[in-house]
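Contents: one structure, followed by commentary.
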Amino acid sequence: MATISIEHASKSFGSTEVLRDISLDVKDGEFLVLLGSSGCGKSTLLNIIAGLDPLADGTIRLDGEVVNDVHPKNRDIAMVFQSYALYPNMTVERNIAFGLEMRKYSKAERKAAVREVASLLQIEHLLSRKPSQLSGGQRQRVAMGRALVRRPKIFLFDEPLSNLDAKLRGEMRTEIKKLHQTLKATMVYVTHDQIEAMTLADRIAIMRDGVIQQIGTPQQIYSTPANMYVAGFVGAPPMNFVEVELARRKDQFGVILPAVLKGQPIEYFLPLQETEQLAGREGSKVVLGLRPEMITHNAFGQSSAPEIECDVELVEPTGADTLCLIRLAGQPAKARVSPLFACEPGESMRFSIDTSRICLFDGKTKQLIG
Amino acid sequence: MSNPRQRKQQMSVLDRLQRYLPQLVVAPPFLLLVFFVYGFIAWTGIISLTDSRMLPSFDIQGFQQYARLFAMDRWDVAFHNLLIFGSLYVLFALMIGCLLAVLLDQHIRAEGALRTIYLYPMAISFIVTGTAWKWILNPSLGIESYMQKLGWESFQFDWIVNRDMAIYVVVIAAVWQASGFVMALFLSALRTVDEDIIRAAHLDGASTTRIYIGIILPSLRPVFLSAFVILAHLSIKSFDLVVALTNGGPGYSSTLPANFMYEMAFRRNQIGLGAASAMMMLATVAAIIVPYLYSELRAKHHG
Ligand SMILES: Nc1ncnc2c1ncn2[C@@H]1O[C@H](COP(=O)(O)OP(=O)(O)O)[C@@H](O)[C@H]1O
Ligand SMILES: [Mg+2]
């Protein structure tokens, strides 16, 4: 059993508030990802969980017990740092064994534990080297080994892959996921990379300026983002935001979507589900959130989906898909179509719009309203 | 208007000037350096092989002056003092400087002020240090008389007038002067240590003492080496501190080789003997600097 429960945690460095009233629960065996841009307080939150930074306000519980004043070494937590933080003067073997050494394990026990972890991470041949003689990927593995060898109940990862090249990052991501499935330990993983977050997480907590914006499964975060910040942060290319007017045409509720066809402005009407939250707001402006894959070539859209025809300004092939740059309500927007159907830049093309997954945001509060 | 041909020529003169400017600027100091440092080393080396007394002569006599030098009790005392002074000075300055740096590294509040206070002695001339400590340690003026006046009648601290202990007084004053500098050296190095390493060690269960002794200080090896070389060569060059503090006394019990050299060359008309002692000092410095430079250059080569 290893649960983490944080209630109303706040933290400031001098006059800068780094964490504001954070409440967060991590279930036993869960893989929780803290996602946010650099400087939003992710590392600070992780350090607080580990006990490396004192908590100013609020409580933190591990397995239900308040641990605000418990020393980091007594929390049974291991952490992997972004810079790996290996001890430069020790061999890989001693680096990994250091935690056991401090906990008074015998030499034989340490040796056996190091062997086991080293074979799991395939770093047996590196054991006698110093950190300065290792490549970035190898250091990363050693840092993981140092965390694994103690068999702690909670693992914390602080952007462990951000110093690796793209290929290695992909491989290590898979390994970390496998590791989690094998160990079934509770893990909190910090990253600014939304793809890492989406692929690894059981649940994601998105942070901004020391405030948690939304906590949910990757699917929830992706399909029903709580606000425009979350919607824009997750997904690549990001969600298109188009400012439109709510309207009613022939008894059908929907939005008016201005576009450009053959150089001339043209208005389309997109029918939408009329929810309670939207009722009576006709004539007011809202922000329409459309992911690129919701605007696609009409052969791929559902037959009942509304269609628009507009000029394509630019075409960006990515291999699997082609992104078409179009203009909606004066804003550039991206549509994702199959390369087979993509037109030439400057031509016009018919797109079908998947209105069932559209997000609507309030222009002022930036919150999701439908 | 100048014609294009002329302009081209002007350009090429400027170009050439630009190309050779660095050499032109560096050349005179370089020549001066070669002449005044290495030239005079060679000159001293030659003089040490002659029978020069009041005025330099160039009558080569072989190693006669060195034989005289090694036969002198005065040189024996000076060189023995150098061994005591050099080793204790380097050791204590390193230890105290290092300790101060570690203590200051704990992000204490008055750090800036303390750093300045500790570093300040280095800015004082050795003459001032020597004079101040001479007063402090003088039995009838300084600590001893002060303590006795306070009522501690049996208190005794007369090292400065004690033949066997005078050299240790020089050590005390020199360590006082150099510790702050060593501290600054270590403190700046401590500040470059990755904080995550310290965090990781805390999580691994190491105490702060253990983290410093087991992880941080070993990683400062290059700084230890630099500090050692700086202190070692300072100790061999030490001259003015002894002059101001004990003036070599009582008798000649606290002289260092540099004082010996000065005494012989400039006061007793024994230039040849002075030159021989200077060459011995050079050999001592070389014994320390050469291995250091060698290891530095080798490290560079190996990347
Ligand atoms: N020890 C510290 N002293 C002062 N400010 C700090 C300290 N640590 C972090 N901060 C500030 O707190 C904010 C959040 O930092 P951090 O938690 O490291 O962000 P992240 O890991 O999300 O990039 C940053 O603005 C940073 O400048
Ligand atoms: Mg960080």
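Glycine too: its Cβ is placed from the backbone N, Cα and C atoms.
Annotated features, as they stand in TrEMBL:
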| type | residues | note |
| --- | --- | --- |
| TRANSMEM | B:21-46 | transmembrane segment |
| DOMAIN | B:79-294 | domain 'ABC transmembrane type-1' |
| TRANSMEM | B:82-104 | transmembrane segment |
| TRANSMEM | B:116-136 | transmembrane segment |
| TRANSMEM | B:165-190 | transmembrane segment |
| TRANSMEM | B:211-236 | transmembrane segment |
| TRANSMEM | B:271-294 | transmembrane segment |
Tell me whether the transmembrane segment (B:21-46) sits in contact with the transmembrane segment (B:271-294), defined here as at least 3 Cβ pairs under 8 Å among residues 6 or more apart in sequence.
yes
Rank B:82-104, B:165-190, B:211-236, B:271-294 by Cβ pairs under 8 Å to the transmembrane segment (B:116-136) and hand me the top one.
B:165-190
Within the same chain, where does the transmembrane segment (B:82-104) have neighbours whose Cβ lies under 8 angstroms from its own Cβ atoms, ignoring anything closer than 6 residues to its ends? I mean 6 or more beyond.
111, 114-115, 118, 167-168, 170-171, 174-175, 178-187, 190, 212, 217, 224, 227-228, 231-232, 235-236, 238, 256-257, 284
